[in-house]
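Working notes for the structure below.
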Number of protein chains: 2
Amino acid sequence: MREYNVAILGATGAVGTRMIEQLAQSNIPVKKLKLLASKKSVGQKRYFNGTAIVIEEATPASFDNIDLVFSSAGGSVSKKLLPEAVKRGAVCVDNTSAFRMEPRVPLVVPEVNPDDLAWHHGIIANPNCSTIQMVVALNPIRRKFGLNRIIVSTYQAASGAGQSALNELNMQAKQMLAKQTVTTEMLPVKGEKRHFPLAFNLLPQIDVFEDDGYTHEEWKMIHETKKIMVGDMNDTTLKVTATCVRVPVEIGHGETVYFETGNEEINVEDIQKVIANGDGLELIDDPTTQTYPTPLSAVGHRETFVGRVRADQEEKGAFHMWVVADNLLKGAAWNAIQIGECLVARDLVRVVK
Amino acid sequence: MREYNVAILGATGAVGTRMIEQLAQSNIPVKKLKLLASKKSVGQKRYFNGTAIVIEEATPASFDNIDLVFSSAGGSVSKKLLPEAVKRGAVCVDNTSAFRMEPRVPLVVPEVNPDDLAWHHGIIANPNCSTIQMVVALNPIRRKFGLNRIIVSTYQAASGAGQSALNELNMQAKQMLAKQTVTTEMLPVKGEKRHFPLAFNLLPQIDVFEDDGYTHEEWKMIHETKKIMVGDMNDTTLKVTATCVRVPVEIGHGETVYFETGNEEINVEDIQKVIANGDGLELIDDPTTQTYPTPLSAVGHRETFVGRVRADQEEKGAFHMWVVADNLLKGAAWNAIQIGECLVARDLVRVVK
């Protein structure tokens, strides 16, 4: 059995930490694991299957003799270092948005479009957290009944903006409860001019604004959904619109998803049945016993949870549902490691230029 | 000038407290104010324009010689006591859902349908908090451009469930930050069997579930919007669907509102212009300077704030916006007192049976 030399780039972040965990629990045969981060983390230790591994600084030479890279160190780091890794023969699963819209880069959710892995050229992009859980939930519905339109509103946790955003939310919550002045340093977007408190508040901005008033996050959900489900980021047969809002939750994104199947013969039970049987999905849906998923109940799980499936009362063939997943696991670390498992199972851990 | 004997029923609650404040700041000429609550609050004092008023127990006889009642003591109290008040000649503005769907009871948002006050029979219903801010924002758009369809997702603050829910959120947040066991006593719905933490979490249930899987809150938004805007709670010309989610915010509801005008000639600037000029509305919308409303920025204000106005990229004549208001003021106390101001201005503080 082939064993792999694996590197995790960005190993100290909220997602990187979980990539180490998820890799340890995966069926990827790891010969050696290298943990890479920026200079300031060098010398720190992380544990993998009980063995301490010292963090090294990420440089192009770090990828010599590496077969498989999982990257979550930010877009600019990925842009700079992943081509170097590929040049050295490594296959890279990138959790940043750096390569997602490149035509030569497959954007993969294993439950939805695993076959797109076959045409990779060294880099496979992991989609945006809020996109992943939505397409996992909609995919079996689309396959069985068709899908014409999606309108989604997100309720996204602080950890989607990284460990420092999570820390900021906690600090702000403590300050507000103690009636102290609230510190605002990075949310909603690090690097933006203005910062607002997220604790006990809602921020209708995730990522920067584009000229048309949409945020980059909203466009990511639109384009990525089309690329993953239809194979074309500019597809016009599947209509998608998103509004993305940051909420004062630590981990776990919620989404209210409205969708039109175009199929007027189906009912709520039909939708519930395909979700209950869908890959990576769990139906948590019984209003009579107040049974529905929440971020707190989803934390630490790999599955995408769906509840509150209802028929739209105004439009035949249209439905609503509530989708929740751990944004650091299915929305990031686990989806990336799962791509790694698929690459191994299909013997695709090799670069074809 | 006629002066009025006014009573506030439920004077110690989150809304009642603010009714006292808003009444003091209103142009209603108050001869005498009576503050009513349940037995357990009797003897407490509240201040009105600097004068201490002792809380009295609410009984039918409390309404002798009262001209105008503002009620926010829960649906069952309203059902029992308001007909007694009307019998004694008082006009009642009721903040509960007890009478909202009664054909003989006008459901009024003064910016939208003040003329419905003319046909009251003693009781005027104040709509649900999440409905009010949405119809204030949509009304000028509907008047100028038409409106065929609304799909709304709400982000509703804890205080919408009353002062005790607000206290519960605060206690839970402290417990979670201290890594203590979290107490769950009333959220999402007092009187329901199961309770879940709201702090750092999302609860996709507001009010009880109906048989079709919708919550009562969701149906309130649908029926109330139709009754207020079209005059018929079962109207079919305006399609409305809502998904209601409780979020860990103290005060201030957010809403992502998708709407179809059916008018393909209009653009974002047209929508922004009517909102900027709309009654009770403030446009807070400039993505280039990260300018948008949030619950924290809306608290304590009477206005409904709108930002993030965008054209839907898939459907001509369809738009999205982000609507925020103080749910205890415009969503409850202020809208009720504002109805009182209209009743006074139109000389409608008299019961015609």
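The backbone N, Cα and C atoms fix where each Cβ goes, glycine too.
Per TrEMBL, the feature domain 'Semialdehyde dehydrogenase NAD-binding' maps to A:5-120. In the predicted model, residues of the domain 'Semialdehyde dehydrogenase NAD-binding' (A:5-120) average a pLDDT of 97.
Non-local neighbourhood of A:Ser159 (NADP(+) binding site): A:Ala14, A:Ala165, A:Leu166, A:Glu250, A:Ile251, A:Asn327, A:Leu328, each in the same chain, at least six residues away, with C-beta under 8 Å from its C-beta. Per TrEMBL, the feature NADP(+) binding site maps to A:Thr12, A:Gly13, A:Ala14, A:Val15, A:Lys40, A:Ser41, A:Ser159, A:Gly160, A:Asn327.
Mapped onto three states, the DSSP output places A:Arg100 (phosphate binding site) in coil. Cβ neighbours of A:Arg100 (phosphate binding site) (same chain, under 8 Å, six or more residues apart in sequence): A:Leu107, A:Ala125, A:Pro127, A:Asn128, A:Lys220, A:His223, A:Glu224, A:Lys227. Among the features that TrEMBL reports, phosphate binding site is placed at A:Arg100.
Around the Cβ of A:Cys129 (active site, acyl-thioester intermediate), the same chain contributes A:Gln156, A:Gly160, A:His253, A:Asn327, A:Leu328, A:Gly331, A:Ala332, each under 8 angstroms and 6 or more positions distant in sequence. TrEMBL lists A:Cys129 with the feature active site, acyl-thioester intermediate.
Under the heading substrate binding site, TrEMBL lists A:Gln156, A:Arg246. Residue environment of A:Arg246 (substrate binding site) contains 27 other Cβ atoms, counted within 10 Å of its Cβ in all protein chains.
A strand conformation is recorded for A:His253 (active site, proton acceptor) in the three-state DSSP classification. Annotation source TrEMBL lists active site, proton acceptor at A:His253.
Here the binding-site residues are A:Gln156, A:Asn327, and the one with the most other Cβ atoms within 10 Å of its Cβ is A:Asn327. By a simple count of nearby Cβ atoms, those within 10 Å, the most crowded of the recorded positions A:Lys40, A:His253 is A:His253. A:Thr12 (NADP(+) binding site) and A:Arg246 (substrate binding site) have their C-alpha atoms 23 Å apart, to the nearest angstrom. The binding-site residues examined here are A:Thr12, A:Ala14; by Cβ neighbour count within 10 Å, the least packed of them is A:Thr12.
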